[in-house]
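Q: Sharing a structure here in structure tokens format.
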Amino acid sequence: MTHSRTALVLIHPATTTRPELLTAAKQHSSLSGANIEQHLVNKLNDGSLQLQDNSYDVIFYVTPEAADEILFPRRLIGVLAAALRAGGSLHGLYDKYQVDALLSGFDIVREPTYHWQKRAVTASAPVKLAPRQPVSAAGLPRFKRASAPSPAAVTPTLDEVPPAAVDPVKAALLDSAAGDAPIAENDLVVGHDSTPITLLTCGRTQTRRRKACKDCTCGLREENEKEISDTHARQEKLLLGDAVKFSEPELAEIDFTIEGKKVGGCGSCSLGDAFRCSGCPYLGLPAFKPGQPINLSAISDDL
């Protein structure tokens with residue numbers, strides 16, 4: 001039974017500026033003698049137009065765009081492939097969408113005119129499998145059971161050795177009661193230890209002395225710490241011995257609290273001045289309150 005050829009013409013909206021393109025497409029040899037349906041491609045893109053599968057023999061896309069500048073929705077290529085019958089052709093799209101065409105089941109045909117042709121679906125014939133033949137016991141492979149490995153020879157222990165086979169001298173050494181006696185730790189100390197002792201050389205006196213180890217237990221660390229503390233004590237004693245001491249006239253010169261004295265030793269700053277001259281002995285210190293005792297020990301290091 002033969003069916004009438006059906007063709008679909010999809011029109012780009014810009015084709016209205018060049019109507020001769022639509023006229024030339026309808027006169028194409030692939031559309032001769034076919035029932036032509038024409039729709040705007042926008043309706044197919046927005047879903048308002050639904051195409052039935054295997055309904056068209058030819059689909060023609062008309063657009064004023066150049067072949068390498070055509071902008072066509074790629075998802076519609078699969079829709080057009082489903083709407084074509086096996087062996088049907090699609091005209092108007094070019095190599096820019098060649099990969100999409102191959103993935104959608106088209107073959108690229110370049111002669112006599114460029115178009116895509118839908119591949120025919122090859123029917124797969126079922127293959128009849130031969131029934132599986134029962135396998136007899138005689139046909140099964142035979143395997144030889146490996147012999148169990150012989151146990152390894154076990155060396156008898158001293159308790160299992162007969163008394164006649166034991167050397168009496170060795171037995172006396174092994175069974176000696178002295179072997180179980182505790183050993184004094186002093187007996188384990190080597191008389192001449194080959195480990196050298198770390199000695200430090202003083203840069204001033206050129207004398208050498210031992211350095212205490214990290215986990216010292218012989219008292220050398222305590223001895224070193226005591227020597228260091230004694231050295232610090234002597235240094236502090238020497239420093240304190242050179243502390244500045246003021247005589248009575250010197251204290252009177254700088255002391256603001258002396259009764260009847262209103263200015264300091266500089267002769268210009270009074271007791272309560274917050275800003276002092278460059279020669280004032282209390283330059284940089286806050287103003288003193290009247291009657292407040294002045295302690296000079298806090299600034300003895302600076303003086």
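Think of each number as a place in line: the chain as shown, counted from 1.
Using N, Cα and C of the backbone, Cβ positions are placed for all residues, glycine too.
Swiss-Prot lists these features:
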BINDING   C266, C269, C277, C280  [4Fe-4S] cluster binding site
REGION    1-125  region 'N-terminal SAM-like domain'
REGION    202-218  region 'Fe-S binding site A'
REGION    266-280  region 'Fe-S binding site B'
MOTIF     266-269  motif 'Cx2C motif 1'
MOTIF     277-280  motif 'Cx2C motif 2'
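Describe each of these features in terms of where it is and what it packs against.
A: C266 ([4Fe-4S] cluster binding site) is surrounded by 16 other CB atoms, counting those within 10 A of its CB over all protein chains shown.
Across the region 'N-terminal SAM-like domain' (1-125), the model assigns an average pLDDT of 86.
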Q: Using DSSP, what is the helix/strand/coil residue split across the motif 'Cx2C motif 2' (277-280)?
A: 0 helix, 0 strand, 4 coil
Q: Which has the fewest other Cβ atoms within 10 Å: C269, C277, the binding-site residues listed?
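A: Lowest Cβ count within 10 Å among the binding-site residues (C269, C277) is C277.
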